[in-house]
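Working notes, beginning with the structure itself.
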Amino acid sequence: MTTPKLDRRQVLKLEAAAMAALAGGIAMPAAAANLVTERAVSELKWDKAACRFCGTGCSVMVATKENRVVATHGDTKSEVNRGLNCVKGYFLSKIMYGHDRLTQPMLRKTDGKYDKNGEFMPVSWDEAFDIMAEKFKAALKKRGPSGVGMFGSGQWTVWEGYAASKLFKAGFRSNNIDPNARHCMASAVAGFMRTFGIDEPMGCYDDIEAADVFVLWGSNMAEMHPLLWTRVTDRRLSAPHVKVAVLSTFEHRSFDLADLGLVFKPQTDLAILNAIANHIIKTGRVNKDFVAKHTTFKRGQTDIGYGLRPEHPLQKAATGAAKANDATDMSFEDYAAFVADYTIEKASQISGVPAAKIEALAELYADPNTKVTSFWTMGFNQHTRGVWANNLAYNLHLLTGKISEPGNSPFSLTGQPSACGTAREVGTFSHRLPADMVVTNKKHRDIAEKIWKLPEGTIPDKPGYHAVLQSRMLKDGLLNAYWVQVNNNLQAGANANEETYPGFRNPDNFIVVSDAYPSVTALAADLILPTAMWVEKEGAYGNAERRTQFWHQLVSAPGQARSDLWQLMEFAKRFKIEEVWTEELLAKKPEVRGKTMYDVLYRNGQVDKYPSSDIEAGYLNDESKAFGYYVQKGLFEEYASFGRGHGHDLAPFDDYHRERGLRWPVVNGQETRWRFREGSDPYVQQGAGVQFYGFPDGRARIFALPYEPAAEAPDAEFPFWLSTGRVLEHWHSGTMTRRVPELYKAFPEAVCFMHPDDAAELKLRRGDEIKVESRRGFIRTRVETRGRNKPPRGLVFVPWFDEAQLINKVTLDATDPISLQTDYKKCAVRIERVTAS
């Protein structure tokens, strides 16, 4: 195909459009895009990549020159973002070039030897791995597999997470590996599994253009998923009948578009959800045919506790904690009687939301002529009843049959770029294996051991330490060798003073942190490993709509920085298999004696079957250069074998480098947009119409679950609710975005958003320095009574991106007892003026 020739006037016009687009982030005309990427005189090489930030999964075009990323812009060929980027995406080219980028391993030393209390000194990779292997072997000798652990990430690439999970579950025989997605998506996973028997959304982003109503539950899409919000906004403003409802514990930017805004008391969303279900039933709008054919009813266990330490009074008092995930059968009539108690008036009394607003919201769901898409994220998931909240949202769509078709979709949004693709699909959680398999299921372990060529009994049959429990075990000295990758848990983990930091500095423990920058977590470690970022390695992410996206390595990492994948595989060479497997296992597979973990796990005839010559010409691949084969392709194809044939099908590896992502299941080259719906999902049997095939009976579960209060609420001593979260300009702990000058200047430090009347009552003015204090710790910050976030009286909001203000010292480490996900949205604090000393 030839590119049409342009005359000089057209060239100048398009060049101006292209440069304006690159500077301002607007979409480029196709011809202008061609000019930038194909113009013969251009010195820039452009390639596609998935954005490094949130779970939306935008595609960007990346320009490189002289082994450096010099520009990015939105990918006009992407179905997700259609050429646009958010403000963070515009500055992707700068995230790798902070002045304090780590370029060599650093070990704490005194007088030339490792010392837990020593200063960081540069060391070689050999010395770093020597001391690391020594400490891991000592922990294994002392405690067995339970003595070692890893905290991974929803920012791992697919093959990094897969290699890490394999290293621990098959190599070290320890399930003590968990991703930071435990803090963001675990409740969504458990909600999917309980309701549908299979994980991840049934809908896709195409629902946005087909919906009549959007309902946001605990989701500030305007700032956290801004490119999706542009599509919602376009739909709302271009179709007069479309409505937007937003529910939150405080007003934020998403309320600007809302036709119906509901601010409720923390935790009371549970009562509102049940009241809507009751309204649907009482007004005769249940889709009886759909419910009869496709659902069954369950009564969930109640009084399940709050995931605190066993000795905590709330845990001791919880009668249902031991069976938190249990449920019993019930009839529709029993369910209707259960929710009948949740009248709109009662929900109003519990939540503080006017009854008329709750009824208006209920009508949006109940109206059989409206298509409803519900979006939610951390407001639901970071919740001590987060799994219940997910289940109750699905109830509304199942009762009305508004599910698995264009515009009718309950949609859990993800916060990290591969929380779906890596944490969930790969199964890097402490209880999971790839493709929704779990370590507690013998059949699933058998499948994994067969694919991984392991002797029977290699994978432990009990879940390992989840994220919060890892911190507790480190503190208690029961987890002694710990590796953190793509993570900043000292800034992110709740109750950091009491439960996270003590474990890092416990003299019995050895802590390794792989990072690109000296984060709070890295600086508390014993060994820091410098790590490659984003397009400094070949990668793959899976976004919130089941879309898997690949990119090539485009530039080299600085200095001695290496990818997480290289680190995992290279470290495996330090262990003979006899050092990690029992004699019983070795007797079942004697041919592995004398081999290293690397040989057994990564040179097994599958991972190493693709030659480096398969790499597309013109691209770097440092891992394949180091190991002598196409590492990423081998790992991906082995991983993909877990899901092919039972609803998790991934396309062949090479397809993804050609496409802007594909939504699984991908069968016969065709992606799936709407799961469980005949005609869209190849796994639905002919004539079924809808089939929730995650369960053998093909039915989804509708749960009866009550409102239960939060673990901690305001009182006379601590009279305010505290909620935490993100802001548009920064991502998570700010490790990347705070090193981008433009983003740093846009929002340089965290503040405490509070109601002006609360501030006046405390004799505070905007900008005053205050102390935000809970029973666990405090921070100093400044009052903000204006701006984007508008809390109601009695609630304050503090974002967590600022490492100089560790708000996680204040938060409570309560979790959902089913998902084990932390609740960062509610605890009790007091506000005091900081007086000059």
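Glycine is no exception: its Cβ is also placed from the backbone N, Cα and C atoms.
What Swiss-Prot lists as [4Fe-4S] cluster binding site is Cys51, Cys54, Cys58, Cys86, and the listing cites sequence analysis. According to DSSP, Cys86 ([4Fe-4S] cluster binding site) sits in a coil region rather than a helix or strand. Counting every protein chain shown, the number of other Cβ atoms lying within 10 Å of the Cβ of Cys86 ([4Fe-4S] cluster binding site) is 26.
Neighbour count (other Cβ atoms within 10 Å of the Cβ, all protein chains): 22 for Lys88 (Mo-bis(molybdopterin guanine dinucleotide) binding site). Per Swiss-Prot, Mo-bis(molybdopterin guanine dinucleotide) binding site is recorded for Lys88, Gln155, Asn180, Cys184, 217-224, 248-252, 267-269, Met378, Gln382, Asn488, 514-515, Lys537, Asp564, 724-733, Asn808, Lys825.
Feature annotation from Swiss-Prot assigns substrate binding site to Trp800; the stated evidence is sequence analysis. Taking a C-beta cut-off of under 8 angstroms and a sequence separation of 6 or more, Trp800 (substrate binding site) has the following same-chain neighbours: Gln491, Ala492, Thr724, Gly725, Arg726, His732, Ser733, Ala750, Ile807, Asn808, Tyr824.
The domain '4Fe-4S Mo/W bis-MGD-type' annotation in Swiss-Prot covers 44-100.
Per Swiss-Prot, the feature signal peptide maps to 1-33.
There are 29 other CB atoms within 10 A of the CB of Lys537 (Mo-bis(molybdopterin guanine dinucleotide) binding site), with all protein chains counted.
In space, Cys51 is the closest of the binding-site residues Cys51, Cys54, Cys58, Cys86 to Lys537 (Mo-bis(molybdopterin guanine dinucleotide) binding site), judged by Cα positions. In the shown protein chains, 25 other C-beta atoms lie within 10 A of the C-beta of Val727 (Mo-bis(molybdopterin guanine dinucleotide) binding site). Here the Cα atom of Glu223 (Mo-bis(molybdopterin guanine dinucleotide) binding site) is found 9 Å from that of Cys86 ([4Fe-4S] cluster binding site). Looking just at the domain '4Fe-4S Mo/W bis-MGD-type' (44-100), the mean pLDDT is 97. It is 11 Å from the Cα atom of Cys58 ([4Fe-4S] cluster binding site) to that of Lys88 (Mo-bis(molybdopterin guanine dinucleotide) binding site). Following the DSSP three-state reduction, the secondary structure of Glu251 (Mo-bis(molybdopterin guanine dinucleotide) binding site) is strand.
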